[in-house]
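K.L.:
Sending over a structure as structure tokens; questions will come in a sec.
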């Protein structure tokens, strides 16, 4: 189609478009709330005058029942402490949260503060939908002194602080000590290697007939990312336009390792795992004592402590022949502020309080994951309110800091599509429809085309 | 009489349809300002997108197998329930229940349980000597079959429509046929079936339209897997729109679907003169 | 004597078959009810059994009714009832008028508009929701209950199509005769046609009730304040794949949310049965 034709068609469509295009300018201010029509300058003078103006902050998050209740309490408490601040809260389940958020953003109605996932942060940042919070860090509104710098910088995209990290998590292995004891296998320690892991898994299976590890190894690329980093390479290239590792052997070996465990019945195959997963993680085989280990995030034991309080956590296996640091501090979730927000200063103040205040964290009890502030972590450990598993998790974060490598750059745009491609490549091996070698090549081809399309 | 309704219809449906046509001609990720790209999205679907063809294939098989099965079953049960028995209200309710609980978590768990790796069906197959290594849901050749079976299971709404149409057939027709000594089979082909043709036509169109838009079943049971063997067209389009931030492309996919379903519908409308029996006739 | 015996045998056979089928149809519902009685801790250890090992019904239902995020469940129930009641009445009424117009009144571009109505059924809701959101936002209706009802008022494509099909089954001579008697259009519709298409209206009411009651996607996008959420949105708030979930409360409230739909069906299906005022009208 020629440029001219395109222009003509565009003009012809302009009538219908007028409605939508106007709504899509991301910087269009919210008109309906008169109380929000307050410029930052106004606010500062108001604060200096001592009587702060009334503001309404719209805030959205996803979570389960506990999180909704706790967050509502935190908001109420904040309004009590700052009578000029009111909240309009939109709690949501995980399902549909991002569908709603993107629709709202499309029509310029993004809430002021949104809970953000790493998976999508880059997309929102690259489209200038979220505000740069650096100025609020610089002017002292948000105190980040207690946050590990590498972790803090996971929110930094194109030199802008696009999200403030709320919690941290790490790839870990959870294990059921009873099952290991039953098989006569010693509990793993932080210096275990992949070959230790395989040996242990097989022993468990031979001795008890149970699964060694039980998890979906094709779920997403996090485990694979760890593996690649252990080979001294990175999953994505610096410009995010292609995969970062050069040798497909890395990927092939990864698929082969899991596939041979499946063939021996040590690890459930995707079909068996689908049946296991039907019942939810509360009834997972590690919890019920039908499997020994699982690759999970470090909050696994604490999350499930009410159904099984014996599960322990260990850092994932080390490489057998490389010192490259594979582990990294993964940001759990973020608070981002809408670029269109008229109450950025107040939003920043709230975020600061949310992260650094004892009273807020006393209510939330680390339900969103390990708090990022080391002071809050220390405070909570010493307060004695934490459960056994939570305490171990908090301490684990400080210990693991020593073996963590650089935090990888934020996920590229198109990450969920990459995960889908990875899932299909891995499953094609597990279903015997492709060799590990072919699947590794197919994943590279697919991933590169996704990356190229999304990261122009 | 129709004008106020038309105004609302234009506002709530026609304008959104035009906007989505416009989006389909743009590069639009929901967060940016749409930029016009002509028919690039359509070209991309037909030339560069393997998943597009895969999901189209899955959906076509689904529609072509499900629709006749479900309609035949719904009509069969509706005829049974149109007789005079005790407790018919109870049965009608029981059979409509699957359509009510549709996409709930209970359905998802129970279907995965029955057809999964340790489910009833696996044990049955093994018991009769068909030894299976993977479950019907975990097998790329049978997984779609399970999804289709679930569609048949939800025959309740078609059944209801058949039932209400059966009620509309004047009883006097059967009486006079009985006087003439017609047998049940003949009454079915000479009275019931012709009188039902408008409803069959209606159900057929409806089921085809709904069949092409199948989403919930593959979303809650298999999430499109294993290896995209149950990736329905709308599930793929949904992922494109909201998970992959590809709304422009997704709108193009939607309009390709409308074109396909539209062709089916128009063809059916054109042929109805030869087999659908209306009292009033349609111009 | 012999014939009577035969008939009774046939009746028994019918009931056995119908009950068996009924059990298959409602098994997931039974599972859901059973699960809502199980204690949260053991819920999934005995997931496959219909009889709870550890009963904890009271705790589940009480915790469910406490609601989510400080909003009691009765609020969600109230919202759903309001939205559904107004939605059903509006949707069925406007569809009736529209269907009458489409099938009995000649007006300009009638076929074109009918085609447009059909098209709203074909286009996946997933791509319509963003444009609809934009329009509702222009009208300042986002996050209001009206936004949930409005699309139903003007877009009952399914019901329009259903009723048009039924209207076409009614001989035109009937209206013509009434017209000669001096009846106006509205009178014709309500005095002559409505009684005849009553089964279609009841069917539409049953479907509309269920569809609006369980609608998830539109409310999800249009609503943001928890105190205005309908039940499907509320149920979704119970679940987060990354934390420990109150399944007991979720299942209990799922049961509560299904009760009105099932009750509504039981009440209304009766009218499907004795809905024959037809014999007075000879075709």
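Backbone N, Cα and C atoms are what each Cβ position is placed from, and that goes for glycine too.
Unlike curated entries, TrEMBL annotations are predicted automatically.
According to TrEMBL, the feature domain 'ABC transmembrane type-1' maps to C:77-268. Per TrEMBL, transmembrane segment is recorded for C:12-34, C:76-100, C:112-134, C:146-167, C:188-213, C:247-268.
Burial and contacts for the listed features, if you can.
P.N.:
Using a Cβ-Cβ cut-off under 8 Å and counting only residues 6 or more beyond its ends in the same chain, the transmembrane segment (C:12-34) has close neighbours at 49-52, 251, 254-255, 258.
Same-chain residues lying 6 or more positions outside the transmembrane segment (C:76-100) and placing a CB less than 8 Å from one of its CB atoms are 67, 117, 145, 148-149, 152-154, 156, 159-164, 167, 185, 189, 193-194, 201, 204-205, 208-209, 212-213, 228-231, 233-234, 256-257, 260.
Below 8 angstroms of C-beta separation, residues 98, 102, 142, 151, 155, 157-158, 160-161, 164, 217-218, 221-222 of the same chain, each at least six residues beyond the ends of the transmembrane segment (C:112-134), sit close to that stretch.
With a cut-off of 8 Å between Cβ atoms, the residues of this chain six or more beyond the transmembrane segment (C:188-213) that come close are 80, 83-84, 87-88, 91-92, 95-97, 100, 148, 152, 156, 158-159, 162-163, 165-167, 170, 174-175, 178-179, 231, 257, 260-261, 264-265, 268-269, 271-272, 275, 277-278, 281.
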K.L.:
In the same chain, who gets a Cβ under 8 Å from the transmembrane segment (C:247-268) while lying at least 6 residues past its ends?
P.N.:
29, 32-33, 35-36, 38-40, 43-44, 56-57, 59-61, 63-66, 73, 77, 80-81, 202, 205-206, 209-210, 213-214, 231-232, 234-235, 238-239
K.L.:
Which bits of the chain, at least 6 residues beyond where the transmembrane segment (C:146-167) starts or stops, bring a Cβ under 8 A of a Cβ in it?
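P.N.:
Contacts with the transmembrane segment (C:146-167): 83, 86-87, 90-92, 94-96, 98-100, 102-104, 114, 117-118, 120-121, 132, 136, 193, 196-197, 199-201, 203-204, 207-208, 212, 215, 218-219, 222-223, 230.
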